[in-house]
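Engineer: Quick one: structure below, then a few questions.
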Amino acid sequence: MAACLCLGPTGSGKTLLLKRLQSTSVNEGTSTVETVGSNIIRVPKKPVAEGSGATSSSSRGGEDKDFLSIQEIGGAMAPLWPSYFAPDKLIMYVIDSSNLFQVSISTVLLMELLSHEKLVGAKVLILLTKMDLTNRKNLNYLKFMMRLDTILAQSGRRVSLLEVSATTGDGLEDVRRWLLLNWPRVKKAANTIKAAARSDNG
Ligand SMILES: Nc1nc2c(ncn2[C@@H]2O[C@H](COP(=O)(O)OP(=O)(O)OP(=O)(O)O)[C@@H](O)[C@H]2O)c(=O)[nH]1
Ligand SMILES: [Mg+2]
């Protein structure tokens, strides 16, 4: 199972965002199809252009030293998201900044995951994507529409927020930096949980 889950309503932009993090040479014409089920994308720790050869695996003992495995779970699978939850996960939560029709579902799904008992220790990054579109709403507007400040304050969590565009690539290196910054902590938490489980079993 991947250490990071990428969640968000259907069509919010998860697949394109992950493809773009995987390869900087994904261009504006790249199309996606609805993710039915889930999808694991290996994101390089350093940005690479397709064809550079740097996307090949350098796996050692099942551990990838150059890549971060991120699992997208399609928006259509939202009722099943909790079966993928665990306290040691990183969560990327994607919101389409251009789609006001999705504001309510984005809010409800976010509230559900922030309050989920299996995600108590999880680190969360909220991504407002499609910022390249002229009808996109900015962070302050969406904060107001979604009552985001209140939701985050009530959740008692420190949640990071970033504005990005998978089409232009704007903000994506900040996403990679957030992943790299938080990845070791996740590993440490996972190891602590495993060690505790081992000592419980004798
Ligand atoms: N303009 C623009 N379009 C985007 C961006 N990100 C995604 N899209 C488009 O939005 C549509 C949906 O994107 P996906 O990445 O497939 O959405 P998803 O969140 O993976 O959807 P599900 O798999 O159904 O959960 C596609 O047509 C993408 O090309 C972006 O940053 N800018
Ligand atoms: Mg998808």
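Going from the start of the chain as shown, residues are counted 1 onward.
Including glycine, each Cβ sits where the backbone N, Cα and C put it.
The GTP binding site annotation in TrEMBL covers Gly8, Pro9, Thr10, Gly11, Ser12, Gly13, Lys14, Thr15, Gly75. If you look up TrEMBL, you'll see Thr15, Thr35 marked as Mg(2+) binding site.
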Engineer: Other than Gly8, Pro9, Thr10, Gly11, Ser12, Gly13, Lys14, Thr15, Gly75, which residues of the chain come within 8 Å of the GTP site, judged by Cβ distance to the Cβ centroid of those residues?
Structural biologist: Thr35, Gly74, Val94, Asp96
Engineer: If you measure Thr35 (Mg(2+) binding site) to Gly75 (GTP binding site) at Cα, how many Å is it?
Structural biologist: 8
Engineer: Can you tell which of Thr10, Ser12, Thr15, Thr35 has the most other C-beta atoms within 10 Å, given these are the binding-site residues?
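Structural biologist: The residue with the densest Cβ neighbourhood is Ser12.
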Engineer: Could you say which of the binding-site residues Gly8, Gly75 has its Cβ with the most other Cβ atoms inside 10 Å?
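Structural biologist: Its Cβ has the most other Cβ atoms within 10 Å: Gly8.
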Engineer: Cβ under 6 Å from an atom of ligand 2: which of these binding-site residues qualify? The list is Gly8, Ser12, Thr15, Gly75.
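Structural biologist: Correct list: Thr15.
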Engineer: State the three-class DSSP label for Ser12 (GTP binding site), counting H, G and I as helix, E and B as strand, and everything else as coil.
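Structural biologist: Note: Ser12 (GTP binding site) is coil by DSSP, not helix or strand.
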Engineer: Could you measure the widest C-alpha to C-alpha distance across Gly8, Pro9, Thr10, Gly11, Ser12, Gly13, Lys14, Thr15, Gly75, the residues recorded as binding GTP, and give it to a whole number of angstrom?
Structural biologist: 12
Engineer: So what sits near Lys14 (GTP binding site) in its own chain, CB-to-CB under 8 Å and at least six residues off in sequence?
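Structural biologist: When sequence neighbours closer than 6 are ignored, Lys14 (GTP binding site) has Cys6, Leu7, Gly8, Thr35, Glu72, Gly74, Gly75, Met92, Val94 within Cβ distance under 8 Å.
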